[in-house]
Amino acid sequence: MFNNELVIDGRKFRSRLMVGTGKFSNSDTMAKAIEASGAEIVTVAMRRVDINNPADDILKHIKPDKYLLLPNTSGARDAEEAVRLARIARAAGCEPWIKLEVTPDPYYLLPDPIETFKAAEILVKEGFKVLPYINADPVLCKRLEEIGTVTVMPLGAPIGSNKGIKTTDNLRIIIEQAKIPVVVDAGIGAPSHAALAIEMGADSVLVNTAIATARNPVRMAEAFRLGVDAAVAARDAGMPGQRDKAEASSPLTGFLRN
Amino acid sequence: MFKDVLAKYDFEDTRKFIHSRTERDVELALGADKVDEAHFAALLSPAAVKYLEPMAAEAHSITKRRFGNTIKIYAPLYLSNECTNSCKYCGFNHKNDIPRIILSDEQIKQETDIIHNMGIRHILLVTGESPKKVGTDYLINSVNIMKDKFNSVCIEVYPMSVEDYSLMYSHGVDGLTMFQETYNRTKYADVHPAGMKRDFEWRLGGPERGAEAGFRTIGLGALMGLEEFRTDQFFLGLHAHYLIKNYWKTHISISFPRIRKASGNFQVHEIVDDVSYVQMTLAHRLFQHDLGINISTRESAEFRNNLLPLGVTQMSAGSKTEPGGYSNENEGKQFEVEDKRSVEEFCNMIRSKGYDPVMKDWDRSFLSGE
């Protein structure tokens, strides 16, 4: 069987798919979709949950023995707000893992590279495992890696757009250069998009809108699991590279060795 | 400033432009990659009534993609109905013979306990315009009394300076609602014959001063029934668009208040029927995909149920529109509430239609210092 393992900061996860919890029609559907996705890392917006209350409708469906609850700082407009949210999550008993989102623009929710970097510096020093959501900027990725973030999470397209991987060229550079896992976050709207990211060499993908707003979110979560697994299997199997010219499957010069 | 944008348009010429749009203009708007001002006018026009179904399908799809299956729930808290204005359409008109109330600290605690127990975590504080009796000190004190019970506190009060809005923000108010009522200066002067609210431009500039002060959410609206509603909705759309362009960190939402029965028996300019109401919400959604669309309890239960999939993102529930009304219903409402369902009943309806009523979509820690 192929190896589907994702390792972040020494911690092993069996799935390369991460899922979000926003936009579902109810928490039951969300829980079933998470289960069907096979994901072990589940991100939750701090602004949506009552983090001090385990009976909160979203939190009660994410069992700590089964999933890594990854609080995110969505809604934070600057580094200070993001850091404050991260500290609150940790104080409430969450593991010190944080998906860092600093999105001052409420419309496209594009990440602010400067404030994200500032917040990452502070949080890494405080002992957080920081997974920063960023634009597909190869230099920023290296800068974040240098200060000790445990992943980088470049976007494929704006959040919720379902447009797929629109940042291919930069993602290739990021993947080639990175020494830490690259998680393609945002814009993934179909299992084929997720598969493409993994086939390109990304270590993981994060999906929310495409699952949560599907006609059948549970079935779609399963489709994403299969899509990611297929891409991982393809990588394991050794995908032949692309060629500009035809290459005969029976070599034309084979007779020379006969 | 938006007043400079508005100055480029004549209300009557704009009305004629909107009403002259043809079915072909509507079809072009529906096929456009990006809905511009002229497309928006076509979608607001009488010619677009025939196209409500395709508009609804598109609005539903955009909203689902951008906001998911969620509806943010909030409730208003009327702190006072003291008012120095003479707005012809409003129950708080200072000439109306209603009991005038300013909630005491104890009453605020009582009211907020009830609202909190209903499960509400987003609250909108409403007052009339009486800054001498209900000024910034009163509002700050009110916010301090209640802020631990709520994740988000917004205000719908008289327009303030940037300094005063900043003061509110620093004390934990994260959003502002300010309805222009009508964008027609002549009609505005007619329906606001006396009081501070007569100053059209001071009010018009309120939302941008609020955004300048840092508010995270700003709500706009035009009171449907005061003026020719399609034209007012066009300017409302331009106003929202201007704020989105110029204050990129603030989220803008709009409301669609229709004049309801209130003390004073005001005669409306025109009745806005349900078809027109729906058309207006759809046109706004197609014009600006990420705009918040807010439907209050002014509308009937049945109508609100049916509006749910048409682009709506936030709704009030369990509302009382008079100060002290959550503890004891009394005279002195700003307007009659049509949807009288409890928060629980309302949320159950939302769930039954495949949506998630979101009670918390904000965290106080965004604002509070350490």
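Each Cβ is built from the backbone N, Cα and C atoms, and glycine gets one as well.
Note: TrEMBL annotation is automatic and uncurated.
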Using only what TrEMBL says about 1-deoxy-D-xylulose 5-phosphate binding by A:A186, A:G187, A:N208, A:T209, identify which of A:G160, A:G238, A:G241 is listed for that site too. A:G160
Distant-in-sequence Cβ neighbours of A:G160 (1-deoxy-D-xylulose 5-phosphate binding site), under 8 Å, six or more positions away: A:K23, A:L109, A:A186, A:T209
Same-chain, non-site residues whose Cβ lies within 8 A of the A:G160, A:A186, A:G187, A:N208, A:T209 Cβ center for 1-deoxy-D-xylulose 5-phosphate are A:G20, A:A157, A:P158, A:I159, A:S161, A:N162, A:I188, A:G189, A:V207, A:A210
Filter the recorded positions A:K99, A:G160, A:A186, A:G187 down to the ones with a Cβ under 8 Å from chain B's Cβ atoms, keeping sequence order. A:G160
Helix, strand or coil at A:T209 (1-deoxy-D-xylulose 5-phosphate binding site) [DSSP, three-state]: helix
Other Cβ atoms within 10 Å is the metric here; tell me which of the binding-site residues A:A186, A:G187, A:T209 scores highest. A:A186
Rounded to a whole number, how many Å is the Cα of A:N208 (1-deoxy-D-xylulose 5-phosphate binding site) away from the Cα of A:K99 (active site, schiff-base intermediate with DXP)? 14
Around A:K99 (active site, schiff-base intermediate with DXP), which residues of its chain at least 6 apart sit with Cβ under 8 Å of its Cβ? A:T43, A:L70, A:P71, A:N72, A:T73, A:L131, A:P132, A:Y133, A:M153
Can you give me the average pLDDT across the domain 'Thiazole synthase ThiG' (A:8-251), rounded to a whole number? 91
